[in-house]
């Protein structure tokens, strides 16, 4: 029967093969599907009937079927809807092993007419196989004498999956002695080595337990572990020692034969044969003890050998020796003190049959934790056992049946208060005296994320000095979470916000694990004085809980900014300034005021002023206010004083170390009548670079220079002509010749008494532009000059000719220039013209006398430049007002630059002629003079100009 069946199957197979070969020409096709491995039964693969172009109604009549030689039962077709589905479990690793490609090939056959279709179903790999090590525990023996960097090769894990799912990475648990070294042999394999990083000492560390974890690259990741046990070998240098020298044991007198009296446990710090201990009774033990007790040489257990009788002996003293197997061997000793109890009872027995541990801290009341069974071999009252539990615990015992108890939860748990309970269950019988037995139940409370991370205080104040190095550690925040494990794993982050126009994260960062706060860039006190932000602490629980703490970072100022001198007016540099002071001023006259600012704060911005006196400057008649910066005269000036003074003012802050700046004030002493109503001030930098007159119109300067040059040439020519003509009587007072000093802008007359002081002084600053009308004699025709005394020539300048006018280009230049009064440079008041330099401070009246010690945070008003010619502080013109008169530096004449109405009378006396009209008349009368005298006068004029 079986033979016929096998023959029938063989015939059917051959017939099927012939039909397939015959139908190959009739019709064929190929479809390709994909399905993941481990797909459940009924998983959709594809609409095979639709893809083959077959109608659902003809599937059954045409005998639609699926044939496969090797995997016929894995896939099946639903003839009702023509869907190819998974029929049974598909395991890619079982089908194809580690092959990169895995497919199931089936043939679909239909009759009427006969057609064969080839269908290929690709099985896609999923990460269903974790990495597997050859063994779960690997033991390695290391002698304590092994050198550092000693290597021990390890065998890696294998993963049955392919591709990324089989890409493994390794991680070794932290250890102070060993680390893992991974070297790639080729693209597919890696060699692992355990490297000794710290010397071993077996007496301190006998064993080292490591855990090697292999993780694949799939999602989700699967891991495999191997425990590595490293044993440290040693020599026999330690003797066996018992836990205690005397063991006290009590036994019932009816103890059965073979009852364990005590189990000795001697320890030897050595390893291997050196730590193997053999136990034996002492050599001086009596024969009685040897007949009643026996000791196991390996385990150290002492058991009863014969019947014990309380009436025969109440106690026994047993000497025990422990000897190791080292060479040479070493021994240790102890004594067992055995006392017999004269009680003829059996103690109850307690057993725990089931446990449900650990228990969650949010478990509901009444949760059953353990089932406890008690028993007693006695009968009657002596066998009736009751159980009790350790008091004051959140558990209770509930009796269910006789001798059966349930340990249930009686009150709420809080793992943060108590993380584990060690319960003692006591079983007591009803005998007299009663006997009892106890057992311990360890209950661990599982954590629930019910506590948010907490900071020690809600706000911290941090002080950081400015100019810190980038990335420096400024503070550490620390939050504590009362939960455990992942629920207590706290991570830190910044609560992002904007600080001005920048993000907070551009200033500081916080380490997610340690909570260390770092400054990402140097902080600048002048930019940010207080940086207030929040740090968030969040645990890793589900759902996560978090809290915030506020950090106030105060940026402390450092003395990193030197005092900066303020320019006298906008557009000029700060450094040196020239001042003209009349000889007639008295003590306390304010010459100038030095103003400076310091970008720092506190003592670092508190500025003081002092004069730097050189050699020979003991009689200098000037002083500077310590905190006001006002330069004033200390006494009345006399002829013994030098006509030129170069004052070097040192501006110093109070930082550590102190920073300084210097200002140079050039003071020229002139006659009272010749002192200009407003002095021309030009500033240069501390390095002595030339300052530019940026506030005076360029065209005006060019015009004045051109006119002045023409005037110089005219005066020189006129002087030569005058010297060649014999002077007439009455033109000069006898015995008092007048010296004419020429400059680039004109000439002026001084008496013989003052000519040496003025003409032979130091060179004036190049930016001083002076124009004086010539005070020369006009000959006998001028009756007015004949009546003037010498002092009048010196003290009174000539009035300009009333018919002098500006050229058209010069007037256009003046109208298009910046108004000087609008810039605060020139102003007129009741006390005469004052010169005020623009400052950044508020316009507050200056103190008239005395010095006031500024506060620690001295402001700009006390540290900026202010210069004024004389006392008084007249009101300044308002912005946009055009000054009535313009003062040419160095000239007592005033040029009007205001637009006058057409119907108004122009006062021609307000204009300077520079003697041009007068000289034109005299050119017509000029004669040839002595050439030698002309050269001599030119030489004197040049010398005088250079001295000025």
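In case you wondered, yes, glycine gets a Cβ from its N, Cα and C as well.
Since this is a predicted model, take the numbers as computed values, not measurements.
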Check each of the ranges 635-655, 656-676, 677-697, 698-718 against Swiss-Prot and return the one annotated as transmembrane segment. 698-718
In Swiss-Prot, which of these is labelled N-linked glycosylation site: 257, 940? 257
Measuring Cα to Cα, how far is residue 362 (N-linked glycosylation site) from residue 548 (N-linked glycosylation site) in Å? 26
Counting other C-beta atoms within 10 angstroms, the emptiest spot among the glycosylation sites 257, 265, 362, 548 is 257
Looking only at C-alpha atoms, tell me how far residue 548 (N-linked glycosylation site) is from residue 265 (N-linked glycosylation site), rounded to the nearest Å. 54
How many whole Å apart are the CA atoms of residue 257 (N-linked glycosylation site) and residue 265 (N-linked glycosylation site)? 22
Going by DSSP assignments with H, G and I as helix and E and B as strand, what are the residue counts for the domain 'Cadherin 4' (351-455)? 4 helix, 54 strand, 47 coil
For the domain 'Cadherin 5' (456-565), jot down how many residues DSSP puts in helix, in strand and in coil. 7 helix, 54 strand, 49 coil
Reading the DSSP string in three states, the entry for residue 257 (N-linked glycosylation site) is coil
Restricting to the region '5 X 4 AA repeats of P-X-X-P' (734-892), what is the model's mean pLDDT? 36
